[in-house]
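K.L.:
What Swiss-Prot records for 1-53 is region 'Disordered'. Sequence annotations record features per position, and here Swiss-Prot assigns compositional bias 'Basic and acidic residues' to 13-30. What Swiss-Prot records for 62-83 is repeat 'LRR 1'. According to Swiss-Prot, the feature repeat 'LRR 2' maps to 84-105. Summarising the annotation, Swiss-Prot assigns repeat 'LRR 3' to 106-127. Feature annotation from Swiss-Prot assigns repeat 'LRR 4' to 128-149. Taken from Swiss-Prot, the feature repeat 'LRR 5' applies to 150-171. Look at Swiss-Prot and you will find 172-193 tagged as repeat 'LRR 6'. If you look up Swiss-Prot, you'll see 194-215 marked as repeat 'LRR 7'. Swiss-Prot lists 216-237 with the feature repeat 'LRR 8'. The feature repeat 'LRR 9' is assigned by Swiss-Prot to 238-259. Annotated repeat 'LRR 10' per Swiss-Prot: 260-281, in sequence order. Here Swiss-Prot flags 282-303 as repeat 'LRR 11'. Annotation source Swiss-Prot lists domain 'LRRCT' at 316-345.
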Amino acid sequence: MATLSVGEPQEMEVDRRGESEESGDDETKRKSLNGEVDSLQAPSTVPEESPVDMDTITLDPEEEDVDLVHCRIGKIEGLEVLLKAKTISLRQNLIKRIENLESLVSLRELDLYDNQIRKLENLQALTELEQLDVSFNLLRKIEGLDSLTKVKKLFLLHNKIASIANLDHLTSLQMLELGSNRIRVIENLDSLSSLESLFLGTNKITQLQNLDGLHNLTVLSIQSNRITKLEGLQNLVNLRELYLSHNGIEVMEGLENNKKLSTLDIAANRIKKIENISHLTDLKEFWMNDNQIENWADLDELKNAKGLETVYLERNPLQKDPQYRRKIMLALPSVRQIDATFIRF
């Protein structure tokens, strides 16, 4: 294992509901109510730190899982001895450029989360790579990934990417995380037929479109964007989780073919009526808080979801009713959690 006499890395846990939980390792899973990153907990590189010389780091040629987290590394070099490495984590360093990885042909996972990288480059030798995380960097474009045909998970969260492009060769891709960027249009995803999870929270997207080819998609998160209409989801027949909170949606519609939905998050929009979802019989979680629901009869739309367990309706006009919780319990007897509180029996 690579070792260096520095302080232990700080663990981060950002509550990130609906966003990708897998960027990076299992110990730093990220979730957030609206797809935004908590400024108090988000990772941050500290440019005033002086980079260390890689010569001071001891590398074990036999090591398969190499951990070089928070080591103040300024340049990728000296890793050619790690011919057996399957995973390398270089997160929370001071790296400005991806380079000197040509010898790591057996690498399966590369973690460059929270550095100062401006360009995706010099990855062509990593043809066995299955997971790449370059979140929390300074990327402006998706590029340089053509040879990574085996990549299943790609995390580019919190960069400065303006458009979805150059992903055509990633036909094995199952998870794509592009949250917290500058994307305005959903596009160029047609070739990603294996994609199962797509995260686009906290961008500048105005329309749900160009998703027709994603037949295997089970999770779609487009929270904190500028969407005003529920549309373009008719071909996503395998969708199980849909996160659309913090947009400008006014009408519940367009979900006729999404019969497998188990989680529907449409909180913090402009919806006045719960409608057009009585066919969602597999629904287990329904998030409708921070809207404009005022009619108790609307809950009839949820009665066919016999396994419904969680309902969020707080900060709607309904909540002003003194019998708020009791009426929800009577209308939806299967529910075990109302807003943030579990029901006591």
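The backbone N, Cα and C atoms fix where each Cβ goes, and this holds for glycine too.
Quantities reported herein were computed from a predicted structural model and do not represent experimental measurements.
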K.L.:
Going along the chain, which residues at least six beyond the ends of the repeat 'LRR 9' (238-259) come within the CB cut-off of under 8 Å?
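P.N.:
Same-chain contacts beyond the ends: 17-19, 33-35, 201, 215-232, 265-277, 279-282, 287.
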K.L.:
In the predicted model, what is the mean pLDDT computed over the domain 'LRRCT' (316-345)?
P.N.:
96
K.L.:
Apart from its near flanks, which chain residues at least 6 from the ends of the repeat 'LRR 7' (194-215) lie with a Cβ under 8 angstroms of it?
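P.N.:
Residues 18-20, 32, 34-37, 157, 171-188, 221-238, 243 contact the repeat 'LRR 7' (194-215) from elsewhere in the chain.
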